[in-house]
Amino acid sequence: MTDDAPATPLAELHDVRFSYDAGAHWTLDGVDLTIMPGERICLTGANGSGKSTLARLICGLTAPDSGTIRLLNLPVYTTESGPDAEAYRKARRGIGAVFQKPEDQIVTTILEDDVAFGPENLAVPHKRLGERIADALHAVGLQHQRHSNPTRMSGGQQQRAAIAGMLAMKPRLLVLDEPTAMLDETARDDIMQVLDELQRQGSTIVHVTHRPEETAHATRILRLERGRLIDATGMATDSETFAAPETGSREKPSADAMPPAALHAENSTNSPLVSIEHLSYTYPGASAPAITDLSLTIGHGETVAIMGPNGAGKSTLAKILCALAKPNAGTVVVDGIPVQRAKRKQRAQVHATVGYIMQHPERQLFAATVAEDIAYGPRNQGLGEQEAMQRAEQTMRLLHIEHLADRSPFALSGGQQRLVAIAGVLACRPKLIIMDEPAAGLDDAARHRLHGVIRHLHNLGVAVMLITHDADEARALADRIVRISSPAVADADTDTDDASGDNRSADSARSADRVSDSLIGRLDPRAKLPVFLLVMMCAFAISNGLQLAVGACAVAGVLAASHIGVRRLWRSIRVFLVLFVLMGLANVLFVRTGTVLATIGSIPITDDGLAISALYICRFAMVIVLGAVFLATTTPTAITDAVDSLFSPLRRFGVHTQEVALVFSLALRFMPTLADETHAIMDAQSARGGSIETGSPLNRARALAAIIVPVFAGALRHADNLSLALDARCYEEGIRRTHWRVLRITSNDIVFIAAAGLTVLDIALFAFLP
């Protein structure tokens, strides 16, 4: 090809149409788009305009209903022949996709393994995998974090890790769907610097965004409006470019719709609504505090913006004010109630006083319809059915969402879900509303509408604590701006980006290095997995003191060789250990043989009962410790490779061992994520007066049912996003994959197997002793 030869488009879309409801409404209606090499295209538009849908079409992750699509010069779809599965697979090998929520793209717990996952699926030779990993991590500035756990990184670091995973596949086209939507200003700047550098290197980029400032270096700006693309290049980068014009009434909500508690806030005493003095908080098991010596007051009807870097403890502060966490030091008084000493009844009063709107509204939606969800809090406050529904209708009118009353909250757009979450809190008639990044992910029209609601609440006397990273938003809405400095270690909360930060990931890297470099960590997983399972099963056969001594020595040796600290071990097993201790102690009450040592009422306590109880507890403790050591020293990727290798003979019988192994490792990877979401949902319930731990049996049953719905919906959401991520990283059933971590049986593995065999033999022989 000569220099004068025209370049071949990387993507061509002609008259593309797409509908989610069989053509009743067209999300995309006749879209035409050509993407040339080296372009940086910014795709804008209102929430629900179809930007993410178009991005998925460009990535080859979904097919349209009609039209023509060519990706990397491959005809992947035509109206006449439909989708070409093989062409789609080939095209995806040269297209990278980065989603808004990077946590759903992370497949393992070591960064370099996660970056290697895509190239492994492309069967890149092992000697070149190392170069790709190093180059990709260097491109995003994470070269010093390659052994860190990406699931514990800050949001900005996770997004850079997701980009690195795509860059390692060397895509010709990179598509990013709002990669900065949930990030703070510093993290956004980091991501934009990465994209600027990729652009300078000649990469082709399609960037979906709501933010005008992110289009500064775009070669073209396109806006989706009513299903069609409009070239907005050169237009003023104001809200009209980034959001469709808002329709509907802008009538100011009536004060009659506002709870009386808020309307009369201005008549309250001069004492502050919230008073915090020298507050400090450290998460259980954390090495440093999340909040240190914080003092703050919030007056009745005052709007206060809380700003600070990732890890400053902003979300932790919100939980403390909602009586969802107890401070370690200092005093916290909310409407005259000392939170740190609050009993059950006082905590309920705090929940009625403080409304908490989380960053992720889907975690606060519990019911089948919007109206039922908004009435959830009033019902928990003891209101009758009719009064609770009247409260819900009143609040919906306040926010102009009465037309959504019979809709499922899980079928709404992000902006609508946020308004429903706000309505659910307002219906509880709080005096203080805490909003955690309320405008995250919203287009300009939805953001302006939300800001109008906040101003109206302020005018009606409702105090607002606004947690935000947006300085312009804080200046526009707040009476005061309070900046919280970051303590020595990042916030351990998992509800927002405050969940982690640079220090936390650095701690994770150091801990991972210690464990992975240990004797147990270096063992081949094909040796480790069956040996650990065998010894754990033998532990259940222990029936006398000698066997117990042998097993205890073996467990102690494994623990010492794993370099896992006592505190880390205790954090991972404490719940199970306490449970089995209680179950073991129950044996004391049911064993009648042996010498009676004491009686509890009519129940004898015997020496045999105590011995059996101790044996029961020790056996389960050994199993729990061994399981914890195995999971701490073996990554999901290593487990996948081990299971695939060990069960490979079953492939002759049609068993898909590679897929089974991947599903198993992904389950291990996402179990902590689902557990974190469950805790967040329970916190949201408690903040609206519902809890499975307190209240009448009916209220507890209602709370349990309300947990199941969003947890199940969240699991489906993660599964859907994960399936897209696996497609984007070219994982296919039955493909030949290379492996970054080559499995080799060494002398250490042989010694370990021999030692385990000797332990099992001793336990078996000692079983015959009297």
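Yeah, the Cβs are placed from backbone N, Cα and C, and that goes for glycine too.
Taking TrEMBL as the reference, the stretch among 102-121, 242-261, 262-281 described by the feature region 'Disordered' is residues 242-261. Over the domain 'ABC transporter' (11-251) the predicted model carries a mean pLDDT of 88. Contact between the transmembrane segment (573-590) and the transmembrane segment (610-632) holds: at least three of their C-beta pairs are under 8 Å, each pair 6 or more apart in sequence.
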